[in-house]
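What TrEMBL says about this protein:
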REGION    47-109  region 'Disordered'
COMPBIAS  71-103  compositional bias 'Basic and acidic residues'
TRANSMEM  141-160  transmembrane segment
TRANSMEM  184-203  transmembrane segment
TRANSMEM  215-237  transmembrane segment
TRANSMEM  243-261  transmembrane segment
TRANSMEM  326-344  transmembrane segment
TRANSMEM  374-398  transmembrane segment
TRANSMEM  445-465  transmembrane segment
ACT_SITE  HIS458  active site
TRANSMEM  471-490  transmembrane segment
TRANSMEM  502-522  transmembrane segment
Amino acid sequence: MVIMELPESVEMTTTTTTSGIENLNSDLNHSVRRRRGSNGFEAASAINSSDANMSEDRRDVCGSGAGLETVNERSKSVGESSDVIRKEDDRNDNVANGEESKSTETTTTPFKFAYRASAPAHRRIKESPLSSDAIFKQSHAGLFNLCVVVLIAVNSRLIIENLMKYGLLIRAGFWFSSKSLRDWPLLMCCLSLQILPLAAFLVEKLAQQRHLTERAVVTLHITITTAAILYPVLVILGCDSAFLFGVILMLVACIVWMKLVSYAHTNHDMRQLAKSTDKDETSDGDFSYDVSFKSLAYFMVAPTLCYQLSYPHTPCIRKGWVARQFIKLVIFTGLMGFIIEQYINPIVQNSQHPLKGNLLYAIERVLKLSVPNLYVWLCMFYCFFHLWLNILAELLCFGDREFYKDWWNAKTIDEYWRMWNMPVHKWMVRHIYFPCLRNGIPKGVAILIAFLVSAVFHELCIAVPCRLFKWWAFMGIMFQVPLVILTNFLQNKFQSSMVGNMMFWCFFCILGQPMCVLLYYHDVMNRKSSAR
């Protein structure tokens with residue numbers, strides 16, 4: 001239904017005599033009477049006669065029949081437009097629901113309309129908000145808030161029940177213990193790893209000055225990057241260190257290795273471009289690259305794994321924002337530690353080896369472990385990828401903050417791996433995937449090589465601190481390859497379906513990670529018992 005409004009040519013003030021005002025009011029009332037039958041609305045007021053100073057031209061237009069015919073023609077054309085009808089229908093609905101705000105008194109008084117009983121209440125086809133055709137077009141913020149409230153309520157009850165039944169299980173030396181001082185070799189190893197970027201810089205500086213051949217440069221970089229991995233592995237295996245400190249050192253070592261590979265590969269590519277530019281006599285471009293220690297130092301601490309000479313920068317550091325993010329980091333890190341100590345450790349310690357016991361019992365243990373393990377994994381993601389990397393980026397004025405995408409909406413395993421860890425994904429694409437394609441390797445084989453590299457580093461980060469090489473993490477990552485094929489097939493078969501997303505959550509978070517936790521824990525316990 002159309003809500004009639006006073007056209008702009010009529011919304012004005014009057015300065016004429018009483019006869020002019022009466023003519024204006026009679027013409028406008030006649031226009032409203034002509035429209036009342038079609039839309040079910042009635043004008044409640046006319047133009048105030050106390051308005052002043054209307055010009056002669058506008059008085060002539062308002063008083064003439066031609067002016068009113070123009071107004072009527074505009075009203076008819078608006079009534080015939082479907083888009084305008086939809087907008088005005090929505091406004092009518094707001095009027096019916098009491099959502100239309102009252103107009104304020106100004107120098108011009110607009111028409112006031114009342115919702116008539118004869119006005120149509122149903123004008124077009126509409127879907128229910130939760131129907132399959134309209135569910136993804138609606139906002140579900142309220143339902144999301146409901147889920148958050150329910151989760152908080154349910155988990156609060158479970159936490160209170162657990163504390164009443166078992167008490168506080170966090171040990172006194174959870175955050176710091178005097179025994180942790182025995183891990184000082186790992187700290188020294190972590191600090192001494194920074195010598196390797198300096199060695200890579202010297203190699204690149206000599207290569208830029210053409211004091212080294214390209215083969216010598218490649219050989220030296222292979223030696224440096226290999227030392228970045230082997231040195232921490234030997235230190236961890238040679239010391240009786242805690243598992244947490246070993247994992248941290250291996251993560252730092254893997255990050256240093258990937259950064260050094262990117263630094264060497266990028267500089268090699270820039271040298272090749274510079275040489276090709278020098279040989280091309282017809283080229284008007286002048287390409288040169290700079291080996292700067294400042295660029296390398298910034299790259300080694302920046303939240304990225306891909307080296308380049310310059311990065312997008314933010315104008316300033318928001319100190320208050322950094323403080324708030326740091327407080328969140330402390331809170332969620334403490335929550336993660338509480339869940340591990342209060343829930344995961346008792347479940348794991350009271351379970352049997354999942355491959356050596358009853359199958360139903362193993363499934364029950366895995367499902368019981370899946371919920372707290374999922375919470376820890378989500379807290380880890382939020383603490384590292386969102387809080388820590390954003391804090392580091394803010395302190396360094398690093399502009400590109402896309403450390404992850406909406407991986408929780410991934411419909412395939414392949415899509416998840418492309419969105420969950422953007423620094424590693426960009427490194428894989430830049431230094432493994434596309435180099436393989438440029439060398440004639442098929443696309444499928446290139447993807448398999450990328451998964452193979454990822455599987456090796458996942459195994460190193462877990463097996464070395466555990467001092468146990470069972471290849472569970474390696475097989476877990478390589479098992480993603482058939483899952484990629486399966487979820488891609490399901491996505492192509494069921495278009496616009498969330499089947500792949502449900503499989504991702506099921507296989508990756510509900511079954512895969514808890515199974516790996518149980519396998520590694522019991523293998524470590526068996527190794528310690530056999531060593532005694």
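Placement of Cβ uses the backbone N, Cα and C atoms for every residue, glycine included.
Counting residues 6+ beyond its ends, the transmembrane segment (471-490) has Cβ neighbours under 8 Å at 411-414, 417, 447-448, 451-452, 454-456, 458-459, 461-463, 497, 499-500, 503-504, 507, 512, 516, 519-520, 523 in the same chain. Listed by sequence, the residues of this chain that lie at least six past the ends of the transmembrane segment (374-398) yet keep a Cβ under 8 A from its Cβ atoms are 298, 301-304, 311-318, 321-322, 325-326, 328-329, 332-333, 335-336, 339-340, 344, 404, 421, 509-510, 513. Beyond the ends of the transmembrane segment (326-344), by six or more residues, the same chain brings 159, 162-163, 166, 168-171, 174-175, 369, 372-373, 375-376, 379-380, 382-383, 387-388, 391, 517 to within a C-beta distance below 8 angstroms of the stretch. Proximity of distant same-chain residues to the transmembrane segment (502-522), defined by a Cβ-Cβ separation under 8 Å and at least 6 residues beyond the stretch ends, is recorded for 344, 348, 351-355, 362, 365-367, 369-370, 373-374, 377, 410-413, 416, 462, 466, 468, 470, 472-473, 476, 479, 483, 486-487, 490.
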